[in-house]
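Listed in Swiss-Prot for this protein:
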BINDING   13-19, 41-43, Arg312, 338-340, 421-423  GTP binding site
BINDING   Asp14, Gly41  Mg(2+) binding site
BINDING   Asp14, Glu15, Gly16, Lys17, Asn39, Ala40, Gly41, His42, Thr130, Arg144, Gln225, Thr240, Arg310  IMP binding site
ACT_SITE  Asp14  active site, proton acceptor
ACT_SITE  His42  active site, proton donor
BINDING   Ala306, Thr307, Thr308, Gly309, Arg310, Leu311, Arg312  substrate binding site
Amino acid sequence: MGNNVVVLGTQWGDEGKGKIVDLLTEDAKYVVRYQGGHNAGHTLVIDGEKTVLHLIPSGILRDNVKCVIGNGVVLSPEALLKEMKPLEERGIPVRERLFISEACPLILPYHVAMDQAREIARGKKAIGTTGRGIGPAYEDKVARRGLRVGDLFDMEAFAEKLKEVMEYHNFQLVNFYKAEPVSYEAVLEEAKGYAELLTSMVIDVTDELDAARKRGDKIMFEGAQGTLLDIDHGTYPYVTSSNTTAGGVAAGSGFGPRHIGYILGIAKAYCTRVGAGPFPTELYDGLEKQDPVGKHLGTVGHEFGATTGRLRRTGWFDAVAMRRAIQINSVSGFCLTKLDVLDGLEELKICTGYKMEDGSVLEVSPMAAEAFEKATPIYETMPGWSENTFGAKSLDALPQAALNYIKRIEELTGVPVDIISTGPDRNETIIKVHPFEA
């Protein structure tokens with residue numbers, strides 16, 4: 001059972017999943033993406049060299065790891081090919097090790113146009129999407145009008161389907177959003193090129209993963225974004241368009257849920273959020289909220305989105321929201337990242353409850369964004385530490401105050417912290433329990 005591990009974010013994304021996936025894939029044969037698209041940014045630092053991946057699983061930097069993009073991922077062929085190029089220029093074999101489900105919905109130029117037109121139309125009520133066509137592509141999938149990777153291999157049928165769906169989208173773009181239409185001929189010509197370039201990588205992902213499981217190969221499933229951005233369980237409508245939770249693994253890859261052995265939840269030692277939406281423990285947003293501790297977290301933590309480059313909002317660790325993430329994902333253990341960012345703070349706060357307008361106190365976060373926005377955090381204060389934890393590789397190297405902070409998080413959430421990250425490099429990590437050995 002321990003052969004198959006899920007790594008996912010338990011906050012609002014940007015928790016540091018890429019580094020941990022890269023670290024743990026030393027023991028894996030497969031790394032699988034099961035949801036999202038190129039709106040996710042995973043940053044890896046290996047021997048000081050920085051790599052940012054958006055679509056390709058983080059295991060691509062490990063020579064013997066096969067990387068899989070499951071059917072739950074919305075695939076932009078343009079973005080994928082752009083991402084492959086610099087990796088191949090560095091001598092990393094991508095085509096031989098990257099496999100794509102034929103059932104992946106395609107992101108095409110009209111999805112991007114629709115995404116951006118909608119955000120402009122929303123004005124101050126904008127959700128804060130990346131503008132990369134993710135939501136509209138998922139919409140087409142659910143409406144059963146979407147084009148999929150497998151459609152590229154019958155170009156005559158593809159052209160007919162494309163014409164129909166583009167008439168639908170262009171009508172909305174022109175008549176409702178007062179935007180420019182997207183050229184059918186240009187999109188079709190692009191698609192012909194994609195078919196030729198992607199063919200060799202397309203496989204039956206479900207069959208491949210089942211065969212790997214039967215051989216005893218270790219499989220890692222790499223989540224994108226975070227639990228609180230899940231389309232069903234997040235702070236709706238300020239969410240992404242896919243299931244970012246553990247339940248998304250089976251649906252987004254075709255891998256049977258009974259075969260998942262360990263679920264690793266990734267959480268920062270504090271909280272961040274990009275874009276709009278409620279954030280009860282928020283300290284700093286660069287605009288209205290200018291708390292110096294929040295600014296410290298953003299500056300020292302280099303809190304800028306890997307995909308958007310946008311400044312992340314920062315705040316204290318939220319055990320209330322974490323309890324909800326644990327319920328949804330049945331988290332086996334945590335990896336606490338960016339512990340070193342807290343170095344030098346005299347005191348730390350952990351949110352232990354939400355006080356609501358009616359005077360009630362919630363110990364588990366509510367579902368709706370409206371309720372989130374009315375929550376006042378109840379804090380527990382703990383002493384900080386002045387010692388340097390950056391790059392620590394053992395518990396003995398951590399000050400007692402840091403150990404106390406970690407222990408308190410375990411007590412408040414009821415889940416053990418099995419891994420602690422103390423820097424961006426893969427070796428700046430303390431592993432108490434290895435997920436593949438749990």
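Cβ from N, Cα, C; glycine included.
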Secondary-structure category, per DSSP, in which Thr43 (GTP binding site) falls: strand
From binding-site residues Gly13, Gly309, Leu311, Leu339, Thr422, the one whose Cα lies nearest Thr130 (IMP binding site): Gly309
Residues near Gln225 (IMP binding site) in space but at least six apart in sequence (CB under 8 A): Gly9, Trp12, Gly13, Gly36, Asn39, Ala40, Thr240, Ser242, Thr244
Entry from the binding-site residues list Gly13, Gly41 having the most other CB atoms no farther than 10 A: Gly13
C-beta crowding around Thr130 (IMP binding site), within 10 angstroms: 24
Residues Asp14, Glu15, Gly16, Lys17, Asn39, Ala40, Gly41, His42, Thr130, Arg144, Gln225, Thr240, Arg310 binding IMP per the record - widest CA separation, whole Å: 34
Secondary-structure category, per DSSP, in which Leu311 (substrate binding site) falls: strand
Nearest of the recorded positions (Gly41, His42, Leu311, Arg312) to Gly16 (GTP binding site), judged by Cα-Cα distance: His42
Binding-site residues: Leu311, Leu339 - member with fewest neighbouring CB atoms within 10 Å: Leu311
Residue with minimal Cβ packing [other Cβ atoms within 10 Å] among the recorded positions Lys19, His42, Arg310, Arg312: Arg310
